[in-house]
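Undergrad: The following block contains the structure, expressed as structure tokens.
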């Protein structure tokens, strides 16, 4: 049965890498003269990663926040007084400058060819691979959307319940397993501010007590870094595994199983009957996590994409042509 399960996962991944609608792997092959589009993107990402390995978490978040609003159409990149960037969930999103840098390099090599939406997808994959995650094969052929409005942004926060999260992901066509992979995989790297977890440390759901699901040792450590009433909003690694906070692996699931998840949703997924079995399996099989996470990222990257003659290929990612 175990071998059959592995085969199923691999078949799913192969299916996902073949074609999603009009998207296809190698869409830009032979279209940029002697230049290789994905190599240009990879080289820029590699240079940035060497200086700032936390860029992997930034790009994972940027892609999620783009795709889960109006689809993977780079609407998040648009500037404007009422753009998606002005919505509170996007205040701390970063990585825009890297996307701009990649776009400039591509416009010099092959103008008006590569969409900003494809840049997000490929750059995120490259950062994941550099952070020792799976080098999954990205499908390309997306086009850019014409607008992005703050009023369209409705993204789940870190304290969302498991049933509400299942409903949110389900409304976008994702399974419970997809949800666990995208949330937990996205939280195996990156940081958060103390302000996002203060309630878990001191006044969980207005009970006047800390979150009982958090490991007491971790709670005391975090209270030292996030003292109540402090004007300083310190940073906390999402994956508390020593030496793993910048590595794309299954560490967040192992930490959640030990009561050491930083965000409430990660901790809740480890105990809720709808998700605990998935968390357990991912925590105990790093190779399976990598394969399944790659497949989930491919699936997310195909969400409500614009292809063919829909949308446009922006000259710059921050504004329409």
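Cβ from N, Cα, C; glycine included.
In case it helps, TrEMBL gives these features for our protein:
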- 1-19: signal peptide (SIGNAL)
- 22-321: domain 'Plant heme peroxidase family profile' (DOMAIN)
- 65: active site, proton acceptor (ACT_SITE)
- 66, 69, 71, 73, 75, 84: Ca(2+) 1 binding site (BINDING)
- 156: substrate binding site (BINDING)
- 187: heme b binding site (BINDING)
- 188, 239, 249: Ca(2+) 2 binding site (BINDING)
Undergrad: Starting from the Cβ of residue 71 (Ca(2+) 1 binding site), draw a 10 Å sphere and report how many other Cβ atoms land inside it.
TA: 19
Undergrad: In whole Å, how far does the CA atom of residue 65 (active site, proton acceptor) lie from that of residue 187 (heme b binding site)?
TA: 14
Undergrad: Pick the one among the binding-site residues 66, 73, 84, 239, 249 whose Cβ has the fewest other Cβ atoms within 10 Å in this structure.
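TA: Fewest other Cβ atoms within 10 Å, among the binding-site residues 66, 73, 84, 239, 249, is found for 249.
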Undergrad: I need the least crowded one of these binding-site residues (75, 188), counting other C-beta atoms within 10 angstroms of each C-beta.
TA: 75
Undergrad: Compute the C-alpha separation of residue 156 (substrate binding site) from residue 75 (Ca(2+) 1 binding site), stating it in Å without decimals.
TA: 18
Undergrad: Using the CB centroid of 66, 69, 71, 73, 75, 84 as the Ca(2+) 1 site centre, which other residues of the same chain sit with their CB within 8 A?
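TA: Neighbours within 8 Å of the Cβ centroid, excluding 66, 69, 71, 73, 75, 84: 67, 70, 72, 74, 76, 145, 148, 152.
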Undergrad: For residue 69 (Ca(2+) 1 binding site), what is the tally of other C-beta atoms lying within 10 angstroms of its C-beta?
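TA: Its Cβ has 25 other Cβ atoms within 10 Å.
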Undergrad: Could you name the residues, excluding 188, 239, 249, of the same chain that surround the Ca(2+) 2 site, i.e. Cβ within 8 Å of the Cβ centre of those residues, in sequence order?
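TA: The answer, listed by sequence position, is 185, 187, 189, 238, 241, 244, 245, 247, 248, 250, 251, 252.
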Undergrad: When neighbour density is defined as the number of other C-beta atoms within 10 angstroms of a residue's C-beta, which of the recorded positions 65, 187 has the lowest density?
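TA: If we count Cβ atoms within 10 Å for the recorded positions 65, 187, the smallest count is at 65.
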Undergrad: Quick check: of the binding-site residues listed here (66, 75, 187), which one has the Cα closest to that of residue 249 (Ca(2+) 2 binding site)?
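TA: Result for residue 249 (Ca(2+) 2 binding site): the nearest of the binding-site residues is 187.
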